[in-house]
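J.: Before anything else, here's the structure in question.
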Amino acid sequence: MAALTRNKKKGSNSQTPPLNKQTKASPLKKAAKTQKPPLKKQRKCISEKKPLKKPEVSTDEEEEEEENEQSDEGSESGSDLFSDGDEEGNNDSDDDDDDDDDDDDDDEDAEPLAEDFLDGSDNEEVTMGSDLDSDSGGSKLERKSRAIDRKRKKEVQDADDEFKMNIKEKPDEFQLPTQKELEEEARRPPDLPSLQMRIREIVRILSNFKDLKPKGDKHERNDYVGQLKADLSSYYGYNEFLIGTLIEMFPVVELMELIEAFEKKRPTSIRTNTLKTRRRDLADILLNRGVNLDPLSKWSKVGLIVYDSQVPIGATPEYLAGFYMLQSASSFLPVMALAPREKERVVDMAAAPGGKTTYVAALMKNTGIIYANEMKVPRLKSLSANLHRMGVTNTIVCNYDGRELTKVLGQSSVDRVLLDAPCSGTGVISKDESVKTSKSADDIKKFAHLQKQLILGAIDLVDANSKTGGYIVYSTCSVMIPENEAVIDYALKNRDVKLVPCGLDFGRPGFSSFREHRFHPSLEKTRRFYPHVHNMDGFFVAKLKKMSNAMQPSGNDEPAVTMEQAQVSSSDDDDEKAEAIEELEKPPVASGQPKRESNTKEDTNKRKNPRSKEIHKGKRNKNTKTESGNVEEPRKQKKKRSQWKNEIAQAREEKRKTMRENAKETPKHRG
């Protein structure tokens, strides 16, 4: 009963203040009721009242629960309290709308309002508190977001102002360095950032020299090209010959892309051995071992590209079992162009380490015969090991010079030949950076001479009458034109062959002209591959079809020469050269000694008719009979003296002069 009377007193007290306040309300305050209270002021008043009366609210709630259990009067008083709380909440919002001058009056009125407000339901208080907390948190986020927005706007404005200032200010035009500046640079260590900036400016100007050349600059295009050569040589480490050749082959913008691509490593690729497994099965196994890989490309059905691996890719159980071969993507191309068929006779003239040979064996399904030739003995070990590991059983390994294979296997004895010729390696600089400085013009000439001999030997091996074959594929890992297009053009002029499409859907066509050289128009059927375009090593591929077994093209005026006749003529020239050298090496005859009688009948016959020796031996007889039985007339040819013969003739003449002088001086000494 004590609790009941206490609540009744509180209820009566809570009802009186609103009545008094309504009577005392001024017309200004009534007008302010219709307006929305300021958000900041309302938050301030509520936050100040909340902590003062929290303990009283909890005790009143317990007493109200007891009243509800005992009688119905408690429920009526609770409803009155609930309604009073609503009225007082409205009055409290009215007080918040007062001006700053009436702060003291608001504080006095707030005390009874706070009691009545807190006597309300607990749910209302909790919701109000959560709203306050969310409002305070939201206000902080809003302030932060506004600050960030202001900062961004300021940065954008500053950037715009700076850009406008740069437009107004006239930029300094690029000028080539003078001779004095270049000499000073040579004395100092290389300044790589300044070199890079100069290279960019020169490339930009050379890309459109007519329009971008600085006004008033008297330098010509060659001056800019010369400076670019020097800067690229010092920045990337190339010798002047190699960088000069690349500048002549490519536009300057593409040249920079090529050089930058040479500085990056090519992705690792592997080839599935279809003799033992399938690409899908191999990929699943390697993925389970932690190898991140993907199919190589649409043009290859057996290639996989490896991004990274948790295990050494060249030491997995699958590698040792011969399920795949570590092989660059560019090495797939010559074999794909060769397209060998089953039960054919194929020659790989430079087979080590066996990547292409094992690919050919897989395409032939271990049928037919493959002659895997390698001239260098140390490389035969890796070739034989890979053949055994990959399960190849149709291959014969041989160790000959590629130029001598026709003597071993016979002329026109095979269906297809793959010649991946030794070259300068200018397409694989990313693997061997020593190529930048080690290769010179003489090296390119030596490689080109060897390649011309090898391709003629490869053509002579192929049988033009083969029902399924008669093809030769020539490839190099070089980008130099003398090693690629010039070699193919030489083969077209010296053998009865023609170029056919390589069967590759991508790649750039070869050069049909370069500098003063003009090649056969069909050289556009060859294919070039570059690292900056195809993301593989620089490579060249050409495919030839042998039309006849003649040694020279049918269109030439000179008759076709067989292999035996060519060997005889070369051996005869060697014999003549050896005889001339022996004669020069003979000691001069002393003046007191009698001269040897060398004017025999045989010697006189040799001097009168130097080809009598050849006719006597029967090696060369021009009056040969044709198939019809008629004797051909000897062909009149102009005598061409080679350089070594001229040197020998000069040496002989000098020797004769010295002998004459000695013969004239001898009688004077005797007298």
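Glycine residues also receive a Cβ, built from the backbone N, Cα and C atoms like all the rest.
These figures come from a predicted structure and were not determined experimentally.
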J.: According to Swiss-Prot, Ala350, Ala351, Ala352, Pro353, Gly354, Gly355, Lys356, Glu374, Asp401 bind S-adenosyl-L-methionine; which one of Asp415, Asp420 is listed for that same site?
T.: Asp420
J.: Which stretch does Swiss-Prot mark as motif 'Nuclear localization signal 4', out of 463-470, 631-638, 639-646?
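T.: Within the set 463-470, 631-638, 639-646, Swiss-Prot attaches motif 'Nuclear localization signal 4' to 639-646.
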J.: Identify the motif 'Nuclear localization signal 2' range according to Swiss-Prot, selecting from 264-271, 272-279, 520-527, 568-575.
T.: 264-271
J.: Swiss-Prot tags one of 594-601, 618-625 as motif 'Nuclear localization signal 3' - which one?
T.: 594-601
J.: Of 28-35, 428-435, 580-587, which span is tagged motif 'Nuclear localization signal 1' by Swiss-Prot?
T.: 28-35
J.: In DSSP terms, helix, strand or coil for Ala352 (S-adenosyl-L-methionine binding site)?
T.: coil
J.: Considering all pairs of residues in Ala350, Ala351, Ala352, Pro353, Gly354, Gly355, Lys356, Glu374, Asp401, Asp420, annotated in the record as contacting S-adenosyl-L-methionine, what is the maximal C-alpha distance expressed in whole angstrom?
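T.: The two farthest binding residues have Cα atoms 20 Å apart.
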J.: Using DSSP, how many residues in the motif 'Nuclear localization signal 2' (264-271) fall into helix, strand and coil?
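T.: Going by DSSP assignments, the motif 'Nuclear localization signal 2' (264-271) contains 0 helix, 4 strand, 4 coil.
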J.: Around Asp401 (S-adenosyl-L-methionine binding site), how many other C-beta atoms are within 10 angstroms of its C-beta?
T.: 14
J.: Within 10 Å of Cys477 (active site, nucleophile) (Cα to Cα), which of the binding-site residues Ala350, Ala352, Gly354, Lys356, Asp401 do you find?
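T.: Final answer: none.
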